[in-house]
Amino acid sequence: MSARKLWLRCEKKEFERRTAITPTTAKQLIDAGFELFVERDNQRIFKDAEYEAVGCQLVENNSWPNAPLDIPIIGLKEFRASDDSPLSHAHIQFAHAYKQQAGWSKVLTRFHKGSGTLYDLEFLTDDQGRRVAAFGYHAGFAGAAVGALAFAAEHSGHPLSPLSPYEDEQALVEAVKKALGGTGKGLKVIVVGALGRCGRGAVDLFRKVGVDDDDVLKWDMAETARGGPFQEILDADIFVNCIYLSSPVPPFVTEEQIAAAGRSRRLRVAVDVSCDTTNPHNPLPIYSVNTTFAKPTVPVEVGEGNPALAMVSIDQLPSLLPRDASEQFGANLLPSLLELPNRKDARVWVEAEDLFRAKLAEAVKAEGLS
């Protein structure tokens, strides 16, 4: 059995206030015999003192590179792309490198160079193949909210202003309702991937702000099986993409389709919660950059004289609800973390490491290091 130690690192991605371990789950880990090191982080939604109060040892911000090599490092977001230093620890995080995203091989070969290990949070699965923990619900909820806020802003003749985190779901719902003039009644929306966690979150947001259920078009694999592009998307006010892209699919919407629709197009806002921006099989090939909380939308090329179409492609949407999202994610991840000391035998960790080794071999070959 490995030592029961774990190191929670700070997050360096701008606007990222979520965490994989909350003070609530930290206490449960400590009660189970873990020694928990937590980096000081003014950006994190939970205060350092909250961790100290439950028995965590506070350490300096971004000091994990100097941590003993036998302590796993847990965080959320990927490291900065500009950093290519070797990685020697076991890292638990989202790496966004297993689907050949931009720079994937360089990300993974950092582990090769440092003899480290990656346990990608996206690929920790139960015995049914389902993710043990995901931010999907809050990603969909927040994505739908940003879509509605962007629709209200575009209706007023200006792009959506910079966004800041909300205290909880209800505060976000009230903000959306206010922006829409009190209710979302009359809006027509389409959610693709509506049966998954992400899609359920998007549907729930629209219902809570007053969109009639008959005006929330809920699509999933059955509806998209015939292959896009789909006119139904252009016939809605807001389109929210919530699919999990595991294999190539025909595009759901294209620039050519949008231009051909001309002035008859109803669609004003598209939200790509899935954010497969750099994936070569992105089903929304109408944008090429991620948007941010500072600049939530980018215009889509629609053709001269046609109504504007705003694109939302923020890759950290749950950070709009950092406290709620972190608490849910942390609670779902906890059972797997409790098995971490037995990671050489515990199925969830063994399978995650096996996948890493397979992807690492591909990356090493791609970079010519084999």
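These residue numbers are counts, starting from 1, taken along the chain as shown.
Quick reminder: no glycine exception, Cβ is built from N, Cα and C everywhere.
Copied from TrEMBL, the annotated features are:
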DOMAIN    7-142  domain 'Alanine dehydrogenase/pyridine nucleotide transhydrogenase N-terminal'
ACT_SITE  Lys77  active site, proton acceptor
ACT_SITE  His96  active site, proton donor
DISULFID  Cys198-Cys242  disulfide bond
The residue listed as 'active site, proton acceptor': tally of other CB atoms within 10 A of its CB: 18
Packing count at Cys242 (disulfide bond) (other Cβ atoms within 10 Å of its Cβ): 28
Between His96 (active site, proton donor) and Cys198 (disulfide bond): CA-CA distance (Å): 18
Cys242 (disulfide bond) versus the residue listed as 'active site, proton acceptor' - Cα distance in angstrom: 20
His96 (active site, proton donor) versus Cys242 (disulfide bond) - Cα distance in angstrom: 17
Same-chain residues at least 6 apart in sequence whose Cβ lies under 8 Å from His96 (active site, proton donor): Glu78, Trp104, Val107, Glu122
For the domain 'Alanine dehydrogenase/pyridine nucleotide transhydrogenase N-terminal' (7-142), residues assigned helix / strand / coil by DSSP: 39 helix, 22 strand, 75 coil
Integer average pLDDT (0 to 100) for the domain 'Alanine dehydrogenase/pyridine nucleotide transhydrogenase N-terminal' (7-142): 96
Other C-beta atoms that fall within 10 angstroms of the C-beta of Cys198 (disulfide bond): 29
